[in-house]
Every structure is written in structure tokens, then in C-alpha cells.
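Visitor: Submitted below is the structure of interest, expressed as C-alpha cells.
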Amino acid sequence: MTDKPRRLLLVSACALVDADGRVLIAQRPEGKQLAGLWEFPGGKVEQGETPEECLVRELREELGIETQIPCLAPLTFASHTYDDFHLLMPLYVCRRFTGTPQPREAQALKWVRPRQMRDYPMPPADAPLIPFLIDLL
Ligand code: C5P
């Protein structure tokens, strides 16, 4: 079997956890790749940015909430080969943020218990992260 070379894509993702131990998931909107699937909020790490800086920016842009780098605890990471790139995606846990998450990019949002997450179809990179959250929460 031959394997074609793929570019590496670094995406930072976050499990936002509320006071009841529920986690926020967001549905990828129409027009995006993997539309309709539920994912952890986050996005692509830009040139010169750390994964933590990326998350602070993405949480502000996508959800309108504020957090700080010391509030982001690394939990694990996803590593998944898609057709045209290989995705590396650290997953952070964040329990301290200000503001109420709002769907700033037309995405549906849901607070779910980690065990309920299996009922929401997720991208293949995200789904293997669920057991880590079940163990943690
Ligand atoms: O969100 P964005 O479209 O910028 O992400 C780029 C690609 O990374 C997506 O098309 C998807 O394949 C992958 N991705 C993922 N899980 C996420 C975020 C992105 O698999 N939580």
C-alpha cells in the first residue's frame, strides 16, 4: 500500500465545562467540510500563534466568551489522517471563562454530558477524545 504525502494541519480544540460537568459541542454549519457533525470548539492555529493563544482567539470569535491561557488545561490530543491532510489537534479543558457562549458563526450549540456525546455524530478526529472526558468528568 502506498501512502501519499499530506500536509500537517494543527487545530486547537477545547472542552468547555460548565458547573454541572456538561461539555459544549458545536455543530459544523452548512457549507463547511463535515457539515452537520458535532465538534469541540476551536480552530486552526495561525502562523506564530501557540495552541493556547489560538483557543483564546477562537473562543472569542466563535462563541463570544473570554478566557485566559492559565485556564486551559491540556487533556490529550487527536491525530487523524484525512484524505488531503493529517490533523493534529490538542484538546484542552476549560472550566473558567466569562460570558455565555453564543453561536457567532451560525453553528448550533449544545451542552451535553460526556456519556451523551456518543449520541452526536462527530468528525473522526474528535470521537476518540470522548473517553478521556468521561474519565475526567
Ligand atoms: O474548522 P476548520 O474547517 O477550520 O477545520 C479544518 C479541518 O480540520 C476540518 O475540515 C476537519 O476536517 C478538521 N477538524 C476536525 N475536528 C475539529 C475541527 C476541525 O476534524 N474539531
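Glycine is no exception: its Cβ is also placed from the backbone N, Cα and C atoms.
TrEMBL lists these features:
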- 6-135: domain 'Nudix hydrolase' (DOMAIN)
- R28, E39, F40, P41, G42: 8-oxo-dGTP binding site (BINDING)
- G42, E62: Mg(2+) binding site (BINDING)
Visitor: Enter the number of other CB atoms within 10 angstroms of the CB of G42 (8-oxo-dGTP binding site).
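Guide: Other Cβ atoms found within 10 Å: 23.
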Visitor: Ligand 1 is in the model; which of the binding-site residues R28, P41, E62 have a C-beta less than 6 angstroms from one of its atoms?
Guide: none
Visitor: With H, G and I counted as helix, E and B as strand and the rest as coil, say where DSSP puts E62 (Mg(2+) binding site).
Guide: helix
Visitor: Consider each pair of residues in R28, E39, F40, P41, G42, all listed by the record as binding 8-oxo-dGTP, and report the largest Cα separation in Å as a whole number.
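Guide: 11 Å is the greatest Cα spacing among the residues binding 8-oxo-dGTP.
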Visitor: Could you tell me the C-alpha distance between G42 (8-oxo-dGTP binding site) and E62 (Mg(2+) binding site) in angstrom, no decimals?
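Guide: Here the two Cα atoms are 8 Å apart.
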Visitor: Pull the DSSP breakdown for the domain 'Nudix hydrolase' (6-135) and write it out as helix, strand, coil residue counts.
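Guide: So the domain 'Nudix hydrolase' (6-135) is made up of 31 helix, 47 strand, 52 coil.
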Visitor: Taking the Cα of E62 (Mg(2+) binding site) as the centre, which of the binding-site residues listed as R28, E39, F40, P41 lie within 10 Å of it?
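Guide: Cα within 10 Å of E62 (Mg(2+) binding site): P41.
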Visitor: Quick check: with R28, E39, F40, P41, G42 left out, which same-chain residues have Cβ atoms within 8 Å of the centroid of the 8-oxo-dGTP site Cβ atoms?
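Guide: Same chain, not in R28, E39, F40, P41, G42, Cβ within 8 Å: A13, C14, I25, A26, W38, G43, D126.
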Visitor: Sequence gap of 6 or more, C-beta under 8 Å: which same-chain residues meet both conditions with respect to P41 (8-oxo-dGTP binding site)?
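Guide: Long-range Cβ contacts: A13, C14, L16, L24, I25, A26, E58, L59, E62, L63, P101.
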